[in-house]
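Record features (TrEMBL):
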type     : residues                                                       : note
DOMAIN   : 60-744                                                         : domain 'Myosin motor'
BINDING  : Gly151, Glu152, Ser153, Gly154, Ala155, Gly156, Lys157, Thr158 : ATP binding site
REGION   : 614-636                                                        : region 'Actin-binding'
REGION   : 786-814                                                        : region 'Disordered'
COMPBIAS : 800-814                                                        : compositional bias 'Acidic residues'
DOMAIN   : 836-1048                                                       : domain 'MyTH4'
DOMAIN   : 1053-1378                                                      : domain 'FERM'
DOMAIN   : 1455-1602                                                      : domain 'MyTH4'
DOMAIN   : 1608-1896                                                      : domain 'FERM'
Amino acid sequence: VGILQGEWVWVDSSIGVPIGARVKVTPSGQRLLVDDEGKERRLSPEQEASLKIMHPTSVEGVDDMIKLGDMTEAGLLRNLLLRHRQDIIYTYTGSVLVAVNPYKDFPIYTEEQVRICRKLGELPPHIFAIAEACYFNMTRHQRNQCCIISGESGAGKTESTKLILQYLAAVSGELSEQRIEKQILESNPILEAFGNAKTIRNDNSSRFGKYLEIFFNKDGVIEGARVEQYLLEKSRVCHQALEERNYHIFYCLLAGISAEEKKRLSLGNAKEYKFLTKGNCIACGGRDDAKDYSRINSALKTLNFSGKDCHEIFKLLAALLHLGNVCFEANTQNNMESSDVSKSEHFNVAASLLEVEKPTLATNLTHRSFKTNREMVTKPLSCEQAADCRDAFVKAIYNKLFIWIVKKINSVIYKKLTSNSKSAYLSVGLLDIFGFENFNTNSFEQLCINFANEKLQQFFVAHIFKLEQKEYLKQGVVWDNINFSDNQKILDLLAGIQCNVLALVDEESHFPKGTDATMLEKLNQHHKGNKNYIASRSERDTKFGICHFAGLVQYDSNGFLEKNRDAVSSDIMKMLDMSANKLLFSFCHVSSSQGLADTRKQVPTLSGQFRQSLDSLMKALSACQPFFIRCFKPNNDKQSEVFDRELCMRQLRYSGMIDTIRIRKLGFPIRHTFDDFLKRYRVLLKTNICDPNTSALTCCKAICEALIEREGEWKIGNTKVFLKVLKTCNCKPCCVVAFSRGTVCQDMCVRLTSGINSLFPPKTSHSSPEPVKKNSELLKTELIVTPPSNSISPTPSVDEHDEEEEENDDFEDDGDEYSFYRFSQRYFQGNASHTHLPYRLKKSLLHHDDEGDALACLTIWWIILRFMGDIPEPKASDAISVASSNTPQAPPSRQGRRLSNLVGLDQVNYCIYLIITLKKTQSNYLTSKNLIEEEDVMIGEGTTLQRPLSDLEKIHIIIGYALDEIYCQICKQLVKNSDRRSRMQGWILLSICLGIFPPTDLFRKYLENFLRRGPYDYRGYCTERLKRIVANGQRKELPCWIELQVKSRRKPIETTVAIQDGRNIEIQLDSSSTSEEVCQDVANDIGLKDTYGFSLYISLYDKMWSLGNSGAHVLDAISQCEEEMRRQGRLEKDAPWSLSLRKELFTPWHECRLDEVSTDLIYRQIIKGIKAAEYVADKDDDYIQLAIMHYYIKFGSEYSVENFTRVVDECITTQLIESKSKTRWTQFISSAHKEGPYVSGRQNSDEVKGELVDIARKKWAIHFSKFFEVTMMSGPPLPKSRFIVAVNWTGIFFMDERNRQLHEIPYIAVRKVQEKRYGLTFLCLCVCKFALFTFLKTLFNCTISLITITGEYVLKSAEAEKMAALIENNVEGLRQRSVFATAQQDSSKSGKSLQLLIFLAKWHFSKMWHSCLTLHLANRTALVQPIFKLFVPRRSVGGGRQGYKGGNREKLWVISREPLKQPLLKVLVNNSELSNLACSPLPILKYMGDYPIKHVRSPVELTDQIFGPATKHEELRDEIYCQIMRQMTANSNSLSMERGWQLMWLCSGLFPPSYDLLKYTQRFLESRPRYPLAALCLERLQEICRSPRNLPPHFVEVDAIQQNSPKIFQKVHFPDDTTDVRTFEVTSTTTIADMCISIASQLILNSPEGYGLYLKTLTKVGLSNQCKSRFFSVTQANLPSLVLFKRKLWFNVNPGKDVKADLTFHFPQERSRYLRGYHDCTKEDMITLGGLLFRVKVESDMSQFVMIPKMLKDLVPADQQKIMSPDEWKKAILYFIQQSGITVDEAKIDFLKIISIWPTFGCTFFEVKQTCESSYPAILLIGINKQGVRLIDPETKEILIMHEFSRITEYFSKGNSFQMTIGTLFRGVTFVCETPNAHTIEDLLRSYVSMYEKARQAPLNHRKSIFS
């Protein structure tokens, strides 16, 4: 087979590695090769014979280089080249991620990508995928992980580390409520500032190694972190190469600090300092040093660096810069060369900043002391030596400073973990370390760096080798004859063998007379014979070489010892010890503790320290599961489009990728799954060998045996074929394809031939045949070939160019009253037509009051266009987005969903409608050219929907919102639509909508008319669906997958319902089918008459839920099953749901004899349930009794051991059989049968069935119940307010989540059941569209009152109506079947009367009624006797040992005026602190008047002392209750009793007693009905059980109860001065939200949403921002204050819509802001507004116009009054007044209407001071409204920038500082400002964000899922 034109081959190149080339044939027949660089070369026949064909994978490129067919250096290199050209920066090599630095920004690091990586399984290569793998493996396998990131300088290691860290922080932050993630992230800017610098190769090069270990708790939440740093490049502080800079911090400091601070530190600009100019590079493109300084300052604050710490750091940095400018003058001293410090201001400043004496500093820089055998000798230094000494000093200080900063950071981010063992946490380690280095001149640093890389390389290779072994073991392939050697010999040379290189360097460093030359001599002497060591060539040659794994490196030995010693002069250390600078002193102290100050001790060398750290690091890595990221740079010039092959090849070798290939090649590098192998090569075998019935394994084996002759060249694994690379093959593959099968076959032939040539290369080449020309006749087809998609509904098969006449539109009948045209004329907005449009709308068709709804309609329209094919799908923004579009996503629920939920937080610019411009691009991956710019996206859509969506996703988005708008949009697109395919898609969409929600009454007739005019296939079908959905009601869930499959066929869904006798009844479902309809259909089919209590159930796996027998939509349940599949990451079509009919409820009067079919089904259900352990008995006898009944029903009275064994198998659970054996159970049942009543065989089997059913019905009554989740709003006290109500035939049961019974109410105790309907008037007045009012509506409309003989229970439930109907049905049914009697007890003796109503049932309900006869007597013993077990035993009064008896018990529980010696309760005795607090009951005695008071105390002081400790210590609460009740027992003092009840009233409004004490407390209160406060205390006790308070009683409460007034009223003020102050009732449990609702209700506002309570004191106005907080907790401070109620969040504020709100709140609040001059407005507007304000101020008194000049401050903004003279203002305003005749209220509304169109309308303004952005003024205005946060110039009123809430990723306040981060989580800009209102800004911002979040989450909050 010859080489064809266009085929790819490998050719030699100048870099020694083959490159790709494509065969080209000229018109003259000349064959050429065009290589990857575009160069042409001629191809001779001899060359052609030697060419190697390129594997298809190398032609196209792969995302995992392990998949490459050409597993060579050339294959890897070309794959990276191809992906680089496509702007794909990430590639896998097995488990290793290769990241190529793109040298430009890519927006692929967003929160959306985080969510995708969290949900998806298989992902395209991405660094987030590696981060997610780390996190997932850690949490799932409970094993520490590490990620090793390596590469050359400039390859992107630092950025990769930050991205992984940010991903982990983002994932943890979803679960965390702490700020540790922020602190860890903020450590990066600090470490980069002090440890990174600009180099020739990298603008942000890390000049140190870093290992960051992040610790997580068991829930996957970050708890802390720790940083380890390695080998900081100290020399950079003093010396930089050309075009390089010093560390960033120096430049940031000089650019960012204030002029005042510069003056204090005597600093100038960067050009003035020698340490900053040696590289002749001051600026760094792309970096803003001033902004970076602000970011560093912010980060330092976040990491708890105090202002003093920061100042000390900057002082040291300034000192180092000044020292760099110190010069030395040559001199002689005792005939020796010496030097002196030149006179310079820099020297004086340096000494001052270091806080040392100038003479001392000068001496220590120019002299050096050293110790001889007898004395200390001081030697003068030359100028050069003095400069070296200064540099060493500077480098040492900077190094110590860097180490101190790292320790300081660790003290914050690791603080929480120090108290616990490290093993208590899991961790992910991130190693960002220098890559292999080989420069023109390599020194000691390069030796250390390359030694570290050798260690990491060994670790890497060992890991890869293990992975290969694991793969072969998993596939069952024998892998032998492996001879693989690693780099252990190099490591031995460097640090392993005796006298290794590093050991010799250390040894020589410790000799005082050791030099670099003597060190080199020893190295040559010891290692000259080692093949990995290259000795120096001559004595003058100072270099030696090491053959590293990546190649030979020559090291220059000059300076080795000096750098290794890393020593600072002892004189300098002593000087620092005397310094007054605390930071310097701490450095010296640490150094002294390490032995640096003691010259007699052997100082640890730098290489020794580095080896120790490296050993510790390798030990840590070895204990982790590793991941590897290899960072590559494509060129040295930072060019985004250049790929330097030679550079990248070198990096491939350095990175160990070649070793990965080498290891792989030792085995079988080519691997295919069976399916893939067969798809490629099955055509090579005859059909009879490999037919469709043959297994894949057999076929693969047959192919290999037939085509590969050499043994050992292939292996068959469990699921894969393993192949070696073959050089020759005797097989000549051929491809015989009939051209009559079309061009698709031809293309397949070409691909197959290419694949075969790659797998089995031919021995010889032949001339290529002429390419086959496409036959135009073969292209004619009636099929539409479309690319693969996720389309759910089949695309209609139509010819786009069909010339047949289109269907006539019959929608244009203008004369029809209910035509769609007429509707559009009446109700469409603006000039919107009723006909088809192929582009985006700019305005919704119908009017919507809610701004979010109106804007979201535009997004719905966009999705409808895409569904119908009117506009193309947008291209995937990146590979991950493509993957996400193919992944099942859990759709939102429909229930309670608002249209504006679609757009969420981004949907705030309601006045801006920007239409998406769909950009058509050629690239299939992310490029900077095809990114969607923000201005092209409608505000609110973001990029979430800007990706390919499946039809199911589109339908979920569209149908999620039940509005006429959606029907109108679909109908509009069907009118005059000439595209037949689009029309068919539109009718499919319309039919789906008709199965989900009905139109409103307004649009229904128009829609019916529209449907009657539709296509023949759809008009009847859609009309019927409309009737069904109107009759059965709106669906609550989105369409399910299965119903979408039948829409195009317009047929019902066929399925089956299983019944208990084993049959499956076939039924048909449509979108509106209900459980009632299905149950009735099944009942009719099987002859079931007594259908009561039979319900439809749906099962998924091992779970089953009841759908009832009423109006529940069956397909809603199926939709939830599919959603559960999506949640589990599976396909919805695979959901294994099934339907069944089961008995769920019995009536109390159930009779089995009435319906034999019903009894038989119930009997079978019980038997199956017993076997499945659904019905569990307490005793074995119960099972035996039921088993013998089952035996009799099935086999009669005949005795058969075999039959008894079958009964055991059918009735007894497997667990019971295993515990006692089947034989014993058979004996038990057979023996019982012999002795039982059924041995005679006289009873009818149907009667026995009925008996069995009755036994089960009574024994397992709770299993035949209907369950309702409820919240008790009021009623007799219970341990919990949220519980389950079980309603069955025996009664009503309150149960907790553990199925423990809390309370039982028999039906005889039920007096009345009714639904609560209060609050509806208020709700009708309110347009409730917010989450809170949705909740209120649920609250008021879903509440029932259950009135019993013991009290009234008010229960709130989503199914309150069903619960009430069920209870009422049972109670009423019993009443109709019962007779009545009344019993009256004689009360003459006891003084108590009891009236009891008794049901005398016609049937036996004795058990049901028995519990109703229990009486509650007001007997003190009822409380005293059982509660004594909680108390501490006490001796009798006489001191005897008999303890207390009789009367002594009573004395313990009676009033005492003596203080307690120990607590009443046992639980407090062993806790000394709480015991002391409990034994201080004097405040109780003093408050009640039972103890004399020496000094007058206010009641509030006493109540604080009584209740304060108990609010903090829960253990004390029972003690307080007991002491109060004790003092009120047998207390004859009426005043004392009155005050005791006051304390009980206060206590019951603070916190409840414990569960154990609660019933005794209730009994105590119930037994004292004559005290009015007793009943109130019971009510308060019930309310406080839900949420205890955490502060003592408010002084208002204390004052009110002292006045015997349990009702408390609070005055509330409003912004409008004309509105009277109103009072509102508050209770101890009233929350801020309750107050807002109450106020809004009384004022008749449309909605309480957006309003807030403010507390105004003498000094400030504080915001009560916690809606769930108790009112009295927020207003606790006993200071004079006013409570204000005003608008806080300005959302849905449309002037004129809510007039009451406009006049009371909006106008006065906006007028104040306007007059303060916050808005930017024109003179014309000010004149108009001034006239309106004048009208408001003087009302109709026009005589006041002469006072306008004096009123200007109330009419015109303060800063604008001077633009005209007072008389000019008067004239202009008067002219406006004369032109308008309006009322005061109209003037206020008009004022608001004018201001409402301004962008700053509704803004709350704050004046702040900022220094982070030099282009902004120092004093700014921050304006916050519903659109976002604006920064405004206070002078010009210009809006400098507006940040939408969606772009603000983080915000917080601390003291007077406010900080927010704008952008994405990974590319954020930080804004910092100072203001006393920092906390208020944070709260307001959080409130807006929370409001949007609630709106977005509202559907989820009100959804009741069968899986929840």
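One-based numbering along the chain as shown.
Each Cβ is built from the backbone N, Cα and C atoms, and glycine gets one as well.
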| note | Among 60-744, 1053-1378, 1608-1896, the most Cβ pairs under 8 Å with the domain 'MyTH4' (1455-1602) come from 1608-1896
| Beyond the flanks of the region 'Actin-binding' (614-636) by at least 6 residues, Cβ under 8 Å | 80, 84, 93, 95-101, 103, 127, 130, 133-134, 137, 141, 143-152, 154-157, 160, 200-201, 211, 213, 228, 230, 427, 429, 431, 435, 451-452, 455, 459-460, 463, 642-644, 647-648, 651-652, 655-657
| query | Including all protein chains displayed, how many Cβ atoms other than that of Lys157 (ATP binding site) lie within 10 Å of its Cβ? | reply | 28
| said: For the ATP site (Gly151, Glu152, Ser153, Gly154, Ala155, Gly156, Lys157, Thr158), what does the 8 A shell look like? I mean other same-chain residues with CB within 8 A of the CB centroid. | reply: Asn101, Asn202, Ser205, Gly435, Cys631, Lys633
| remark: Sequence-ordered list of residues in the chain of Thr158 (ATP binding site) that lie 6 or more positions away and have a Cβ within less than 8 Å of its Cβ, or none, is Glu192, Asn196, Asn204, Ser205, Ser206, Asp432
| note | Note: in the chain of Ala155 (ATP binding site), residues six or more apart in sequence with C-beta under 8 angstroms of its C-beta are Ala99, Asn101, Gly435, Cys631, Phe632, Lys633, Gln651
| For the region 'Actin-binding' (614-636), the number of residues DSSP places in helix, strand and coil | 9 helix, 8 strand, 6 coil
| Proximal but sequence-remote residues of the same chain as Ser153 (ATP binding site) (Cβ under 8 Å, at least 6 apart) | Thr199, Arg201, Asn202, Ser205, Ser206, Phe434, Gly435, Glu437
| Neighbour count (Cβ, 10 Å) for Gly154 (ATP binding site) | 23
| query | What are the helix, strand and coil residue counts for the domain 'MyTH4' (1455-1602) according to DSSP? | reply | 93 helix, 1 strand, 54 coil
| remark: Averaging the pLDDT values of the domain 'FERM' (1608-1896) gives 84
| request: Report the same-chain neighbours of Gly156 (ATP binding site): residues 6+ apart in sequence with Cβ closer than 8 Å to its Cβ, ordered by sequence. | output: Ala99, Asn101, Cys631, Lys633
| field | Number of other Cβ atoms within 10 Å of the Cβ of Glu152 (ATP binding site) across all protein chains | value | 25
